[in-house]
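To keep things clear, I will list the structure first and then write my remarks on it.
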Ligand code: NCD
């Protein structure tokens, strides 16, 4: 296993061999999670605090389950978005929790970069569960595991990421990961939802969905992130669905065995047709949720190993 990181802040900081280590270990946790006895002691004795400054269903619940299955004491601190003040408040909260000696801190925050800032202030391992439009590393890793299990590889694939790219940390983390693993990435969005400068990541850009989907192995749909929009980015949801909503007819130009993904929560009838989302022959959306628990177990296990090793070295240093 190769995993050098002290924190998991973004895919940006991971090398391909570290990504492979997470996926390999996560595969073994998928097997564990399918058993009746799902317990491991990888985090036994450790304390995990989940700090979510933004709403979340699957990410928070899967981090909680992942920690419990690994034997950690897990505490959920849910902070309503409205009560959050940036800067001092975030650091104050983090310092307060840090004083309680947690080993793993899982953080979601509406500001890009907030989790990196926090990681510099505490002495435990920090996992980014999504910061603003910046990164959502465990989502990209669970997507990679889902793709690798469905396609048998995570290289040399054509992956189309479609929808609200501009506001999406999921798109950004996936774009970086898929590029590092040598895949062809196509971004499909109306010009108003395509972030400027994104072509520098070495991807192809399309505003015509049918052209972008042609021959794709994987079609990843994104939610219209209205909470991050400060104005009108699309004429109407109806018009958006007509041009960019994924349905069986548009999917027909992709490869016959193309898989359909969505990180959730889905807006049925806005970015994806509900029947297609539920079609188990094409959609791997439920697999993504299952892989999410296993990937989060793998990430926390690897970070805990590094934390123990670091503390062991520090203790030896003190004794010497
Ligand atoms: C994503 C997120 O929060 O960035 N959801 C998730 O983690 N499953 C995507 C989204 O909210 O649309």
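The backbone N, Cα and C atoms fix where each Cβ goes, and this holds for glycine too.
Cross-referencing 20, 108, 228, 305 with the carbamoyl phosphate binding residues that TrEMBL gives (58, 59, 136, 139, 264, 265) picks out 108. When the neighbouring Cβ atoms lying within 10 Å are counted for each of the binding-site residues (58, 136, 223), the highest count belongs to 136. For the recorded carbamoyl phosphate site, residues 58, 59, 108, 136, 139, 264, 265 set the reference point as the centre of their Cβ atoms, and the other residues of that chain within 8 Å of it by Cβ are 56, 57, 129, 130, 170, 263, 292.
Less than 8 angstroms from the CB of residue 59 (carbamoyl phosphate binding site) sit 52, 108, 129, 130, 138, 139, 292, each of them six or more residues away in the same chain. Summary for the binding-site residues 264, 265: the Cβ-based neighbour count within 10 Å is maximal at 264.
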